Structures are given as C-alpha cells and as structure tokens.
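Engineer: Could you have a look at this structure, given as structure tokens, before my questions?
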Amino acid sequence: MKPSRSWASLLAVCAVLLAALAMQAIFFPAPARAQGLVDAMRGPTAIANEPRAPLLYPTENKDIRRTRNYTMQPPTIPHKIDGYQLDKDFNRCMFCHARTRTEETQAIPVSITHYMDRDNNVLADVSPRRYFCTQCHVPQADTKPLIGNNFVDVDTILKRRPGAKGAAK
C-alpha cells in the first residue's frame with residue numbers, strides 16, 4: 001500500500017518540528033529558556049526585563065589640565081558640568097570659555113578651530129558644528145575600566161624602537 005500525500009506532508013511537518021526543538025535545546029540551554037531570551041551584552045537580565053541602571057560615579061572636579069594621549073585628542077573637561085544648560089538656546093560652557101570672557105574667568109579659551117566652518121572660513125561666533133561641546137569633550141570620573149586597555153602613546157613607542165628618531169639612548 002502506497003502512503004498518501006497527506007501522510008507524507010504530516011511526516012515532513014513532524015520532522016521540521018523535531019529539528020526545531022533539537023536546535024532550541026542546543027542554542028538555548030535550560031536556564032536561558034527558563035528566564036527568556038538572554039543577550040550577552042545585557043548580562044543575566046532577560047531581554048523582556050528592564051535591567052537595573054548602572055551606578056553613576058561622582059564626576060572629578062580637579063580643574064587640572066590632563067595630558068593628551070594622542071594627536072588631536074580633545075581635552076577632557078576637568079570640572080563638574082552637572083546642571084549646565086547646553087542646548088540650541090544656550091551654551092553654559094561659553095559663559096567661561098568664550099574668547100571674550102577668558103581674561104575675567106581665567107578659563108582656557110575655546111580653540112580658534114571652533115570658530116571655523118568646514119571650509120576653514122573664520123566666523124564671528126562658534127561654528128554650529130562645534131557648538132555642542134560634549135560631542136568631543138567629556139568630564140572624568142575615577143572608576144574601574146569596564147574592559148582592559150593596553151593603549152600605548154606614540155612617544156612611548158618611539159622610545160622603545162632603537163635607532164628611531166627621538167628614541168632614548
């Protein structure tokens with residue numbers, strides 16, 4: 001007796017379902033399945049649940065100029081900026097760092113490059129593309145790094161290479 005098409009279709013569907021169950025067991029171990037889907041970047045929190053917000057560390061307020069680690073690195077913000085208004089209507093940073101106010105405030109003036117447009121034309125005011133300071137400049141906090149860092153600045157590399165221009169003797 002020859003099996004009908006409906007029996008063949010039913011067997012194919014059963015085979016697909018069994019394969020899907022086997023794949024689920026392989027890719028989603030029992031603990032992950034028990035609490036829902038898990039994403040490695042979120043830690044143990046299931047995707048459907050809201051993770052606990054990370055701890056906010058206090059911002060340093062040292063007012064010191066930090067060494068820059070690479071060419072063209074923007075300087076860091078050495079003081080607290082909590083509560084500063086920085087929007088299209090007002091830039092609190094410019095209250096102290098505008099070139100016209102630095103004699104009075106003793107703050108470091110904004111670089112002349114911040115007054116240039118993308119074609120290097122000098123403007124009377126800060127360029128709109130440089131207006132939002134925290135796009136490049138960030139306050140610092142004394143925290144443990146989330147991941148390891150083995151960055152070495154170019155001066156250290158040059159000192160290591162024997163015979164290199166400027167290498168230590």
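Using the three backbone atoms N, Cα and C, a Cβ is placed for every residue, glycine included.
According to Swiss-Prot, the protein carries these features:
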| type | residues | note |
| --- | --- | --- |
| BINDING | HIS79, CYS93, CYS96, HIS97 | heme c 1 binding site |
| BINDING | HIS114, CYS133, CYS136, HIS137 | heme c 2 binding site |
| SIGNAL | 1-35 | signal peptide |
Engineer: In which DSSP state, out of helix, strand and coil, do we find CYS136 (heme c 2 binding site)?
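Structural biologist: Where CYS136 (heme c 2 binding site) sits, the three-state DSSP reduction gives coil.
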Engineer: To see if you understand the setup: which same-chain residues, six or more apart in sequence, place their Cβ under 8 Å from that of CYS96 (heme c 1 binding site)?
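Structural biologist: CYS96 (heme c 1 binding site) has long-range Cβ partners THR102, THR105, ALA107.
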Engineer: For the C-alpha pair, I'd like the distance in angstrom between HIS97 (heme c 1 binding site) and HIS137 (heme c 2 binding site), rounded off.
Structural biologist: 13
Engineer: Taking only same-chain residues 6+ apart in sequence, whose CB is under 8 Å from that of HIS79 (heme c 1 binding site), what do you get?
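Structural biologist: When sequence neighbours closer than 6 are ignored, HIS79 (heme c 1 binding site) has GLU60, ASN61, LYS62, ASP63, PRO139 within Cβ distance under 8 Å.
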Engineer: With the heme c 1 site defined by the record as HIS79, CYS93, CYS96, HIS97, how many Å span the farthest pair of C-alpha atoms?
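Structural biologist: Greatest Cα separation within the listed binding residues comes to 13 Å.
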Engineer: Rounded to a whole angstrom, what is the largest C-alpha distance between any two of the residues HIS114, CYS133, CYS136, HIS137 that the record assigns to heme c 2?
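Structural biologist: That value is 13 Å for the farthest Cα pair.
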Engineer: If you run the three-state DSSP split on HIS79 (heme c 1 binding site), which class comes out?
Structural biologist: coil
